[in-house]
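**Student:** Per TrEMBL, disulfide bond is recorded for Cys95-Cys122. The annotation domain 'Laminin G' is assigned in TrEMBL to 1-122, 190-376. Per TrEMBL, domain 'EGF-like' is recorded for 123-161. Marked as transmembrane segment by TrEMBL: 422-443.
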Amino acid sequence: NCGHLLLAISAATEVSFSFDVGNGPVEIVVRSPNPLNDDQWHRVNAERNVKQASLQVDQLPLEVRKAPTEGHTRLELYSQLYVGAAGGQRGFLGCIRSLRMNGVTLDLEERAKVTPGVKPGCSGHCTSYGMYCANGGKCVEKYNGYSCDCSKTAYDGPFCIKDVGAFFEEGMWLRYNFHSPGTSVKDLVSRTLLSSADPEITAPDLSLNKEELSFSFSTTKSPCVLFYVSSYTPDFMAVLVNPTGNLQIRYNLGGTKEPYNIDIDHRNMANGQPHTVNVTRNGRDIVLQLDHYPPTSYSLPATSDIQFNSPKALFLGKVIEIGKIDQDIYKYNTPGFTGCLSRVQFNQIAPLKAALRPTNASSHVHIQGELVESNCGASPLTIPPMSAATDPWHLDSGKVAFIADFPYNGQAIGGGVNRNSAIIGGVIAVVIFTILCTLVFLIRYMFRHKGTYHTNEAKGAESAESADAAIMNNDPNFTETIDESKKEWLI
């Protein structure tokens, strides 16, 4: 009797295990809900014994086929083992590793060195080039290449480095619902305006012990609400620009009479410059990084809860929640944020990207006004400011009477130009002008003294019999002297 044993990808979503021990062909098929030709590694385990045969692919359910009670049980094979292709079959295109038969690992790499069309080593392109997928992008293997999956990031582009941002006009806002919105526009709007304390709303069984928030913004108007997360409880998180232009992070997780505030009062953030904000909370610990400054750690009060209970919606630009809202946030809501927001990401949610790109989360977004895509807030400041001790342009208020005319720490002046940059630019211009003037003077001096030799030779020297004759012919005084000497006097 002549049997066979075959393990194959029979379709894009199917792996088949077939054999014949003399009782007729038997086939077991495992069907996957997702395509298996996705350039990702998949594990296959096929087994046959006298009692049963089984096949498992990845973590999918095990498929089992019991052996017949009577008939042949011994599998006799008379041909060589073929891996990747057999006579008349379509060849396998991809990678195979860790092939084991009856507990013995077969050395495929050594055989690949002497087999035409097969190359040893199958670590994949992501092992070598996955680092180029930036900002949390996931490297995806492709045949003879790779790609970057940016779906879980707030970025776009081949390498997940393109900012996705938008310009907000006054009064505009964006809301991202953490849970699926209603089936109709009317229901969506009604849910948007529902109070957090509405008894008809049942709070979902969800709480956050940690959050990761990052975004970039630029604005010239304050106060305003940049970012806000509401909940079905009094809990909230907010990032604000207060009336003086300073940034404030505000947490209310319960357990305290007043919200916990982190005030960044060392510079004006409403100066038209792009700024980046990164906030990470893990339990009671909060880490904030602003622009190029080193990260700063904070801690929630000992009485504060550490769970963000039942998050409801995320707002950008303005908070539209009827009910009990923090008074400062309520005041900062008018007239609303005007400026740019870019690469906004809260945990795995990228609300701006969901609004501007067709993604799986686009149905969770509701926008009031016209959202215009822009990268005007995409490039944060990268040059750290110099300290007063090392800054040669720092003005000492005790020595200079007009120090009050200069804004603090690079505050924007006319047209967003930094005053320190203007001073440096003026000095450079003066130096260049001085160098040019020096070059012009040197060139004129060189050309003035270059060329013919200036002498005092008498005119007509070429036709005179001698130099003395030329002098006598051209110097009238000399002539008179000669004439006078020629005169004779009789005494």
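Here the Cβ of each residue, glycine as well, is placed from N, Cα and C on the backbone.
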**Student:** In the same chain, which residue numbers or ranges, 6 or more beyond the ends of the domain 'EGF-like' (123-161), come under 8 angstroms Cβ to Cβ?
**Tutor:** 39-40, 93-95, 214-215, 343-345, 348, 350, 352-353, 357, 359-360
**Student:** Around the Cβ of Cys95 (disulfide bond), how many other Cβ atoms lie within 10 Å? Please give the count over every shown protein chain.
**Tutor:** 15
**Student:** Under a criterion of Cβ-Cβ distance under 8 Å and sequence separation of at least 6, what residues of the same chain contact Cys122 (disulfide bond)?
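**Tutor:** Set apart from Cys122 (disulfide bond) by at least 6 residues yet with Cβ under 8 Å, we have Cys95, Ile96, Arg97.
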**Student:** Which whole-number mean pLDDT does the model give the domain 'Laminin G' (1-122)?
**Tutor:** 83
